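Listed in TrEMBL for this protein:
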- 1-25: region 'Disordered' (REGION)
- 81-99: transmembrane segment (TRANSMEM)
- 148-173: transmembrane segment (TRANSMEM)
- 193-213: transmembrane segment (TRANSMEM)
- 225-242: transmembrane segment (TRANSMEM)
- 279-300: transmembrane segment (TRANSMEM)
- 307-325: transmembrane segment (TRANSMEM)
- 331-353: transmembrane segment (TRANSMEM)
- 373-393: transmembrane segment (TRANSMEM)
Amino acid sequence: MKDDMKGINETVRTKRSIPDTPPSPVSLSSWSAIFVKAKQASQFSGEKDRDEHWQALEVAHRIVFGYGHLTWEWRKGIRSYFHPLVFAVLYKVLALFGLDTPWFMAHSPRLLQALFSAVGDLYFYKLSNAIFGNSVAKWALFSQLANWFMFFCFNRTLSNSLETVLTLVGLYYWPCMRASPSKAPLVLRKWGLAIAALACAIRPTSAVTWVYIGLLELAVTRDRLKFLVLEVVPIGALVLGLSCLLDRLMYGSWVIVPLNFLKFNFLSSGGDYYGTHKWHWYFSQGFTVMLFTFLPFSIAGSIKSKCWKLSGLIAWVLIVYSVQGHKEFRFVLPMLPIALMFSGYSLSVMAKADSDSRRKGSSDSHMKRPSKVGFAIFFLLATNIPMALYMSLVHQTERN
């Protein structure tokens with residue numbers, strides 16, 4: 001009888017202890033709702049980058065209403081109209097319903113981008129689940145939602161934000177990114193190719209990412225010739241053709257934006273006019289600041305997971321971008337979720353270790369101190385939330 005009572009007491013104490021599994025889908029939804037509400041607060045912050053307005057919203061306003069200033073990039077033909085057209089459609093809808101008031105015109109674009117970001121979060125979870133499993137996917141989503149820079153930048157109307165969404169969606173459809181590439185339906189690859197081509201149409205520098213993915217796919221696929229001739233060439237040509245037709249319509253003459261972009265930014269180093277950084281800036285300052293306190297977790301997760309194709313993707317993009325003198329945080333935004341996926345892997349390992357230790361050891365000893373993963377969550381939230389709120393609501397605030 002005493003043994004039975006002892007077992008019951010131990011069971012009760014175990015149930016009262018910190019959960020040994022990642023948050024359930026219900027609790028994750030609650031966290032997501034909290035962060036979405038907080039993200040909406042950033043609608044009232046200032047512009048992080050002038051490109052939010054001058055390279056997107058101002059151009060969209062000119063398309064729909066016939067007036068608005070175009071910066072020199074549009075006169076030189078180094079910007080595609082694909083990205084502004086997204087917001088031009090939104091402005092046109094607002095005008096048709098008589099909602100083209102200052103408040104709606106100022107706030108609806110970021111609400112639309114918030115919707116795109118939510119799609120990115122969904123596919124980030126699906127991608128993490130496809131590569132590492134459900135437990136890692138939950139912790140990876142937590143890392144993405146809690147990271148200060150994703151909070152700060154993902155909802156902004158920068159082309160980099162939409163590029164990041166397309167990168168996450170596209171990566172999910174590439175068989176080479178799955179744990180078992182041979183088991184993935186090849187039809188998914190066509191969707192991945194189309195999304196990759198669209199990302200390159202919006203930002204030509206996105207090709208840096210997709211060249212790596214394409215070579216990786218080429219290495220694992222069995223039908224290399226079919227992949228190149230019947231998929232890459234026709235899909236790429238179709239999207240490039242549509243992009244050129246759109247730019248022909250908007251510019252009034254034939255303009256090959258990717259070529260002009262390449263000439264200006266890579267062959268002539270025109271971007272250096274806006275400032276330069278040392279070659280190691282992304283490694284020593286830029287990307288490390290974006291990760292912030294998630295950095296040690298991401299490094300540990302990269303090593304423990306041994307998913308070198310993802311680690312290689314991050315390294316490849318950072319190295320290629322480091323060649324250019326002009327560097328900005330947002331240029332490598334598409335790589336931040338990948339790094340945060342490794343953070344999710346690290347947190348998942350910690351949670352499993354806590355669970356195993358509780359099963360093996362005395363529950364009384366674990367009642368006296370928090371679990372390692374619990375401490376990690378507290379540390380990450382305590383450091384990232386204040387940073388996110390300050391950067392979104394205080395730093396460089398300008399009222400429109």
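Glycine is treated like the rest: Cβ placed from N, Cα and C.
Same-chain neighbours of the transmembrane segment (148-173): 35, 38-39, 42-43, 47-49, 51-53, 55-57, 83, 86-87, 109-110, 113-114, 116-117, 119-120, 123-124, 126-127, 130, 188-189, 191-192, 195-196, 198-199, 202-203, 206, 209-210, 213, 289-292, 329-331, 333-334, 336-337, 340, 384-385, 387-388, 391-392, counting only residues six or more beyond its ends whose CB sits under 8 Å from a CB of the stretch. The transmembrane segment (225-242) and the transmembrane segment (279-300) are not in contact, since fewer than 3 Cβ pairs between them lie under 8 Å (pairs 6 or more apart in sequence).
Sequence-remote contacts of a segment are chain residues at least 6 beyond its ends whose Cβ falls under 8 Å from one of its Cβ atoms, and for the transmembrane segment (279-300) they are 143, 147-149, 318, 321-323, 327-329, 332-333, 335-336, 339-340, 342-343, 346-347, 376, 379-380, 383-384, 387.
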